[in-house]
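Colleague: Pulled the feature table from Swiss-Prot, pasting it below:
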BINDING   Tyr58  chlorophyll b 1 binding site
BINDING   Trp80, Ser86, Glu99, Arg219  chlorophyll a 1 binding site
BINDING   His102  chlorophyll a 2 binding site
BINDING   Arg104, Ile153, Leu182  chlorophyll b 2 binding site
BINDING   Gln137, Leu147, Glu214  chlorophyll a 3 binding site
BINDING   Ser157, Glu173  chlorophyll b 3 binding site
BINDING   Gln165, Phe262  chlorophyll b 5 binding site
BINDING   Gln165, Arg176  chlorophyll b 4 binding site
BINDING   Lys213, Gln231  chlorophyll a 5 binding site
BINDING   Asn217  chlorophyll a 4 binding site
BINDING   His246, Ala255  chlorophyll a 6 binding site
MOD_RES   Thr41  phosphothreonine
TRANSIT   1-38  transit peptide
TRANSMEM  152-172  transmembrane segment
TRANSMEM  220-240  transmembrane segment
Amino acid sequence: MATSAIQHSSFAGQTTLKPSNDLLRKIGASNGGGRIIMRRTVKSTPQSIWYGPDRPKYLGPFSENTPSYLTGEYPGDYGWDTAGLSADPETFAKNRELEVIHSRWAMLGALGCTFPEILSKNGVKFGEAVWFKAGSQIFSEGGLDYLGNPNLIHAQSILAIWACQVVLMGFIEGYRIGGGPLGEGLDPLYPGGAFDPLNLAEDPEAFSELKVKELKNGRLAMFSMFGFFVQAIVTGKGPIENLFDHIADPVANNAWAYATNFVPGK
């Protein structure tokens, strides 16, 4: 399903406005010492190959006519919605928002699933580096030490972890959906300001490209997370160890070999 971001001309939480030199005018001394009047313009349509009717489609030149509601207005729109899940405008807007949020979580999750294993294989000591085994350490006698260091976070209660998760995530989601601390109308997907310390949204054209890149990498990360779950069930190993096993013996360690020999519960 081709879903995407919630907006098309609003950048970094509020409309990105780029004053050009010819839009600055100084009124003479007759206006009390002079004052600056700034008129700002907005580019509503990104000038990019990823937008508009001529954007790349999901099957390239073999793509059929795309649905009328997929116009290329939003990033990540490849014209694919075979099931018509986004035909309703409200559903379409909701799906775009859900995809962006889940993409970001998946990218963080994929990093969290692989990075501890990489560090562990390079000599960094963890209590448990495999992502789906790490959480169970909280049930051990000594509890769970983050990064294997008891001086960081020493967790011993699953209920306390659950409560903190609910409270913190509820607060963050409320902040996001509410448009900021005072309902300031910040964009729920691209709030900008303190959330854009590198000023990546300063240039509207560059930002429109970054939105596409975010979704492309996010979709890949969601598929990766699905693969990590399947690997955990089938092999009982983490993604990095599975990768090393495959490199060492590609014939014996691949999806087809495991699929033909997999017996649930063994």
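Every residue gets a Cβ built from N, Cα and C, even glycine.
Looking at the shown structure, can you explain where the listed features end up?
Modeller: Take the CB of Tyr58 (chlorophyll b 1 binding site) and look out to 10 A: across all protein chains shown you find 15 other CB atoms.
Neighbour density for Ser86 (chlorophyll a 1 binding site): within 10 A of its CB lie 22 other CB atoms from the protein chains shown.
The number of other Cβ atoms within 10 Å of the Cβ belonging to His102 (chlorophyll a 2 binding site), over all protein chains shown, comes to 17.
Long-range C-beta contacts of Arg104 (chlorophyll b 2 binding site), restricted to its own chain and to partners at least six residues apart, with a cutoff below 8 Å, comprise Glu214, Gly218.
The C-beta environment of Gln137 (chlorophyll a 3 binding site), restricted to residues of the same chain at least 6 apart in sequence and closer than 8 Å, consists of Gly127, Glu128, Gly143, Leu144, Asp145.
Neighbour list (Ser157 (chlorophyll b 3 binding site), Cβ cut-off 8 Å, at least 6 residues apart, same chain): Ile138.
Cβ neighbours of Gln165 (chlorophyll b 5 binding site) (same chain, under 8 Å, six or more residues apart in sequence): none.
Within its own chain, Arg176 (chlorophyll b 4 binding site) has Pro188, Pro191 as residues 6 or more apart in sequence whose C-beta sits under 8 angstroms from its own.
Of all Cβ atoms in the protein chains displayed, 20 besides its own lie within 10 Å of the Cβ of Gln231 (chlorophyll a 5 binding site). Classification of Gln231 (chlorophyll a 5 binding site) by DSSP places it within a helix.
Mapped onto three states, the DSSP output places Asn217 (chlorophyll a 4 binding site) in helix. Around Asn217 (chlorophyll a 4 binding site), the C-beta neighbours below 8 angstroms that are at least 6 residues distant in the chain are Ser103, Met107.
Within the same chain, no residue at least six positions away from Ala255 (chlorophyll a 6 binding site) has a Cβ under 8 Å of its Cβ.
Remote same-chain partners of the transmembrane segment (152-172), defined as residues 6 or more beyond its termini with a Cβ less than 8 Å from a stretch Cβ, comprise 138-139, 143-146.
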Colleague: Looking only at Trp80, Ser86, Glu99, Arg219, which the record lists for chlorophyll a 1, tell me the maximum pairwise CA distance in angstrom.
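Modeller: For the residues that bind chlorophyll a 1, the greatest Cα distance is 17 Å.
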Colleague: What number of additional C-beta atoms lies within 10 angstroms of the C-beta atom of Glu173 (chlorophyll b 3 binding site)?
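Modeller: The answer is 12.
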Colleague: If I take the Cα of Ser86 (chlorophyll a 1 binding site) as reference, which of the binding-site residues His102, Ile153, Glu173 has the closest Cα?
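Modeller: Nearest candidate: His102.
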Colleague: Which has the fewest other Cβ atoms within 10 Å: Lys213, Arg219, His246, the binding-site residues listed?
Modeller: Lys213
Colleague: Here's one to test understanding: among the binding-site residues Trp80, His102, Lys213, His246, whose C-alpha is closest in space to the C-alpha of Glu173 (chlorophyll b 3 binding site)?
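Modeller: Checking each of Trp80, His102, Lys213, His246 against Glu173 (chlorophyll b 3 binding site), the shortest Cα distance is to His102.
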